[in-house]
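The domain 'RNase H type-2' annotation in Swiss-Prot covers 86-300. According to Swiss-Prot, the feature divalent metal cation binding site maps to 92, 93, 196.
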């Protein structure tokens, strides 16, 4: 029987952990002296009133490494698997959930063991776990050692494409497929690509790839950023988002907050009132419900 994993959880994370476990299909109960206990067929996760979190079960290793640490604890104390030195291509995006700014998609091709070993020696990890300064620094390292490509869809182009596709996942599939097609060797041989599974069905990306001139096989999985090549792509995509946001702010003399918070809505209203709907449309994603809420509030 494996030794249980024990850690202390900050009270600010109780709700997040509970919500994410429910999303993952865990059955929640509340035995005495606990805040909750969550069970799946292979994992039991118990959060005690003291804040002590205990994880056990045959699936606990994968649960900790691929969910608990990267998504909740934001640490990496669990042993890493052996470095994967298979040549491969990783692709990821940034800006998908941000009302203001572009959508940026990046691909990284690690063509040999030497390239992969150099990546493993760095502090490369999922860009969501890094600050802007770390991202900008690591991006230089990635560009110097890997083949890469970055697509930046400024809001004006993004809105045009969304009007064509009418679906964000189809737009993402087209963009990912375009990047993969540009970077994939021909013939692809044993090289494969890894992408985050952003749609409920893998067929969305596969159908987009069928329209391209590549025979490369693609692995789609949740939390693909756990792979170092996808993590490298996520860093280049985030770097592109950061620098493009700065360019937009300088071009329009505006301060554009990230995300989709109440502050974002407030800034959007200010831009609409002072600069008009046309300028607002040039710095934001107009299919977000936030856009209609801003416009409706101005006409009310």
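Placement of Cβ uses the backbone N, Cα and C atoms for every residue, glycine included.
Within 8 Å of the centroid of the Cβ atoms of 92, 93, 196, where the record puts divalent metal cation, the same chain has further Cβ atoms from 91, 94, 105, 176, 195, 198, 224, 225, 230, 233, 234, 237. Taken residue by residue with DSSP, residue 196 (divalent metal cation binding site) is part of a strand.
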